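Written below as structure tokens is the structure these notes are about.
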């Protein structure tokens with residue numbers, strides 16, 4: 001009798017007696033625990049997480065779940081029998097690492113590197129390349145080239161270094177000569193973009209500064225983000241910025257003096273890391289923005305309607321567009337992936 005009770009307690013298929021300080025298994029609460037026995041509680045009378053509760057006739061009720069056998073779906077209710085709806089927004093972390101034991105049909109999360117139509121994965125390039133470039137000592141977070149100048153940002157004091165390219169310097173063995181030091185930010189500059197005769201710089205201080213390249217003077221400071229400005233993008237007559245404050249902002253020159261102000265804000269639940277603008281095969285502008293949930297969203301412009309989502313093993317820190325509808329993403333695990341944008345008529349995205 002004691003032995004049977006011990007087995008009963010470990011499997012937790014019935015009501016659980018109070019075990020004092022024993023913790024509830026967080027994987028069981030999500031319907032994902034595959035341990036038998038499990039050292040944490042699988043309480044038959046414990047309430048399910050809010051997203052697993054069902055509404056019937058206007059009354060919210062909790063159903064009791066039991067540990068499913070290996071031949072059953074792990075997300076089947078004792079009294080119901082309906083399989084849990086598969087998430088279309090989150091990729092399975094176990095599958096990304098090659099360790100998901102639930103399979104494509106039974107796992108409630110995506111087993112795919114993308115969802116949506118209009119793009120497909122062409123290649124995944126793994127490997128590391130080492131190279132060294134001589135230059136200024138210290139960290140460099142951002143580089144930008146425009147109107148004959150090379151700009152570099154990254155110093156903790158917020159300084160931007162500018163070099164002027166010249167044919168005379170090239171003949172002397174150094175095509176770039178120091179031109180100016182742009183001061184104004186109070187923390188490191190981590191994003192820059194040149195457009196319309198201006199240099200836009202985004203900083204960890206949450207501001208964006210506008211510099212007149214002809215004079216190398218700051219002409220405006222734009223405030224609107226509550227965290228580091230991670231990436232900048234020029235689109236038509238607009239400037240787009242994204243930040244760790246979970247927002248993408250659209251700025252337009254609305255003032256008589258050409259000053260910018262925020263005209264639109266798009267927000268998600270995760271910090272934004274990098275942006276890239278491309279055109280799909282139909283000639284329509286598409287924005288790609290990576291978020292710190294290891295995903296990249298594809299959005300139609302100017303509506304910001306989501307076209308699909310790309311998933312990665314780690315945070316995608318950089319995105320670049322290429323010829324012929326190619327898009328390159330690089331993530332925190334060192335993986336470079338090549339994607340192909342396709343017309344809607346070509347069908348759904350496929351991950352290889």
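Cβ coordinates are placed from backbone N, Cα and C, and glycine is handled just like the others.
If you check TrEMBL, you get these features:
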type	residues	note
ZN_FING	19-45	zinc finger
DOMAIN	19-45	domain 'C3H1-type'
REGION	51-83	region 'Disordered'
ZN_FING	86-114	zinc finger
DOMAIN	86-114	domain 'C3H1-type'
REPEAT	182-221	repeat 'WD'
REPEAT	222-251	repeat 'WD'
Which residues, given as numbers and ranges, are at least 6 beyond the ends of the repeat 'WD' (182-221) yet have a Cβ under 8 Å from it? 139, 141-147, 149, 151, 153-162, 227-234, 239, 241, 243, 245, 251, 259-260
So what pLDDT does the repeat 'WD' (222-251) average out to? 96
